[in-house]
Each structure stands twice: as structure tokens, then as C-alpha cells.
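Contents: one structure, followed by commentary.
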Ligand code: ACO
């Protein structure tokens with residue numbers, strides 16, 4: 001049996017760390033409102049000259065170091081992002097070049113906050129089928145670029161960052177089960193409508209969100225997909241050592257843990273420090289949990305995330 005196992009992780013946050021109080025100087029909000037509704041305290045914001053690919057490369061280098069591998073040993077690069085450097089080529093191609101390598105397949109996946117779940121499941125399928133032996137899977141976002149900084153209902157929620165994982169083929173687990181789902185009927189809940197036409201950007205280039213609608217759908221759907229992936233792995237929630245959730249909102253995370261009958265002591269929580277970094281949030285949390293000693297080799301992890309599309313997914317794995 002061929003598994004995809006994590007060989008190394010890495011992450012990167014831009015230096016500019018912005019507190020809720022900093023934001024309250026610019027928009028009509030407060031630390032109290034943001035903290036009680038979301039658990040967010042800080043977010044990191046990229047400088048104007050820092051591209052999504054720069055964040056991705058910084059995280060990737062750390063993950064490669066952690067795995068003890070050179071970029072030339074990687075035979076698949078996938079970048080999950082909703083904020084690519086440009087319309088095309090893919091951010092993954094740009095990352096590949098910035099890492100000083102060429103030749104292996106490199107492509108982006110677009111599933112917004114579920115992007116890392118989509119990228120990880122895709123890399124898993126490549127490795128399981130023998131199409132790749134060592135994959136670099138990155139979630140990277142500069143979400144600050146698609147926020148209307150005058151819209152307090154969205155701008156307080158997000159941040160920039162990147163997280164990366166090196167996956168390698170292994171005889172021992174590894175990813176045990178994975179699930180991806182989507183339903184485009186929920187497009188109205190969350191979108192950036194902008195598109196190019198006639199040489200111009202048409203439509204609003206900023207995040208539009210029905211916050212309570214997203215909240216309700218996320219709570220219901222994450223609980224269900226988590227249960228499904230646990231069942232597919234032939235396990236029970238009690239077997240899980242750590243939930244590594246998408247870090248959108250502490251209350252959504254608490255709801256999933258409660259539904260599974262797991263205490264918050266079993267959850268890697270970085271939303272206070274990172275805010276919602278979309279596709280980067282799960283690998284950022286994973287790397288934080290590993291580096292601070294919470295997550296140890298051999299433990300069982302449940303990764304789960306949901307985002308615009310709507311698209312969602314989960315992965316159950318041994319670290
Ligand atoms: N500061 C102060 N007041 C605010 C702010 C703010 N930043 N934003 C909105 N308000 C006001 C609203 O104007 C409203 O005022 P009103 O009652 O006078 O009209 C009031 O706060 C309540 O607004 P609600 O939207 O009802 O607040 P709610 O309790 O639903 O919380 C929130 C809003 C935090 C967005 C919540 O709905 C939520 O967390 N939803 C999930 C959104 C999410 O996580 N999106 C991320 C992308 S998708 C994903 O990653 C899963």
C-alpha cells in the first residue's frame with residue numbers, strides 16, 4: 001500500500017502584524033466586536049511588493065528544509081490560492097521558477113478557503129497512483145488585495161500568509177482518507193465578482209459575503225464532511241489526536257469540535273494570530289502545531305476546511 005506522508009512543513013507570515021485596535025483607527029469597529037464574534041486578534045498584511053508567490057516560496061523553502069530535500073527532488077508542485085500573482089501563468093509555475101527548478105508539473109487549484117484540502121487531496125491521488133513521489137503542496141494568499149478596506153463586515157476577518165507541506169510516497173501512513181465536495185448553488189454567499197472583459201475589470205474586485213449565511217452553511221457542512229472522512233478511515237472521533245481546521249472563525253471551529261464530541265484541547269487554534277488566510281490557513285496552523293510541539297509523529301490528524309464555491313473537504317492522516 002502506497003501512502004502519502006508528510007516529510008516536512010513550513011510557513012511564512014508577512015512582517016506587518018496588524019491588531020484589531022490598529023484596524024479600529026481606520027474603520028468603525030472594535031477589538032471587542034471582532035474578538036467576541038470571530039476570535040481574531042491580529043492579521044499579517046503583505047507589503048505592496050510582496051506577491052503571493054513570494055509568500056509561497058518562503059513557506060516552501062522552510063518545508064523543504066524541514067524535509068531535508070532540495071527543490072530539484074520534488075516532482076509535483078501544487079499551489080492553492082484565490083489571490084494568484086496574475087491571471088496567468090499559474091502561481092505554481094512562478095513558484096517553481098523562483099525555487100530555481102523546472103520540468104515537474106506545477107499548477108494552481110482554486111477552491112478559496114478549501115483550496116488546501118483540494119491541493120492536498122490531489123497530491124495524495126498523484127502519489128497513491130505512482131504519478132509522483134515527492135510533492136510540494138502550498139496554500140498561499142494575499143487576501144488583503146481583494147478586501148474593501150472600507151467594508152468593516154469583511155476587512156476585519158482576513159489576513160495574508162502561506163503554508164507548505166512536502167508529501168512523500170511511503171509504505172507507512174500517511175493520508176488514510178480524504179473527501180472533497182462542492183455545490184455551486186451557494187455562490188451568492190461568498191464571491192469576488194470581478195472578471196476581465198473588453199480590456200477592463202468588470203464587477204466588484206472585492207470580497208462580498210453574507211456572513212450569517214456562510215456561518216450557518218459552514219457549521220452544518222464541516223460537521224458532516226468530518227464525520228464522513230472519519231467513517232471512511234474506519235475510525236471514530238475518539239481516535240483523533242488533533243483537529244487542524246481552516247481558521248475562519250473560532251465559533252465555527254468550536255461548533256465542529258463539539259459536534260465530534262472533542263474538546264477544544266484537541267484543536268490547533270491560530271485564528272487569533274493569523275485571522276482567516278483562506279487557502280493558507282490549514283498549512284499555517286499545521287506548521288505552527290508541529291513547531292510548537294503540540295503535534296507529534298505518529299499522531300492522527302483531521303484537517304478540514306470550507307470556502308467559496310461553496311467547496312469543502314477533509315483529510316484524515318497520520319503525521
Ligand atoms: N465591527 C463592528 N460592527 C460590525 C462589524 C465590525 N467589523 N461588521 C459588522 N458589524 C455590525 C453589522 O453592521 C451589524 O450591525 P446592525 O445590527 O446595526 O446592522 C452587526 O454588527 C451584526 O452583524 P451580523 O452580521 O448579524 O453579525 P454576526 O453575529 O452574524 O457576525 C460574522 C458576523 C462575524 C461575519 C459572522 O456572521 C461570521 O463569522 N460568519 C462567517 C464568515 C466567515 O467566516 N467568512 C470567511 C470566509 S468563508 C470561510 O472561510 C468559512
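Quick reminder: no glycine exception, Cβ is built from N, Cα and C everywhere.
Unlike curated entries, TrEMBL annotations are predicted automatically.
Look at TrEMBL and you will find 107-184 tagged as domain 'Beta-ketoacyl-[acyl-carrier-protein] synthase III N-terminal'.
Under the three-state DSSP scheme, residue 113 (active site) falls in the helix class. Cβ neighbours of residue 113 (active site) (same chain, under 8 Å, six or more residues apart in sequence): 82, 246, 248, 276, 278, 279, 281, 305, 306, 307, 308. Summarising the annotation, TrEMBL assigns active site to 113 (among others).
According to TrEMBL, the feature domain 'Beta-ketoacyl-[acyl-carrier-protein] synthase III C-terminal' maps to 231-319.
The DSSP secondary structure for residue 246 (active site) is coil. For 246 (among others), the entry in TrEMBL reads active site.
Remote same-chain partners of the region 'ACP-binding' (247-251), defined as residues 6 or more beyond its termini with a Cβ less than 8 Å from a stretch Cβ, comprise 37-40, 113, 157, 215, 218, 269-272, 274-277, 281-282, 284-285, 306. Residues or ranges marked as region 'ACP-binding' by TrEMBL: 247-251.
Under the heading active site, TrEMBL lists 276 (among others).
Residue 246 (active site) is surrounded by 32 other CB atoms, counting those within 10 A of its CB over all protein chains shown.
For residue 276 (active site), the number of other Cβ atoms no farther than 10 Å from its own Cβ, over all displayed protein chains, is 22.
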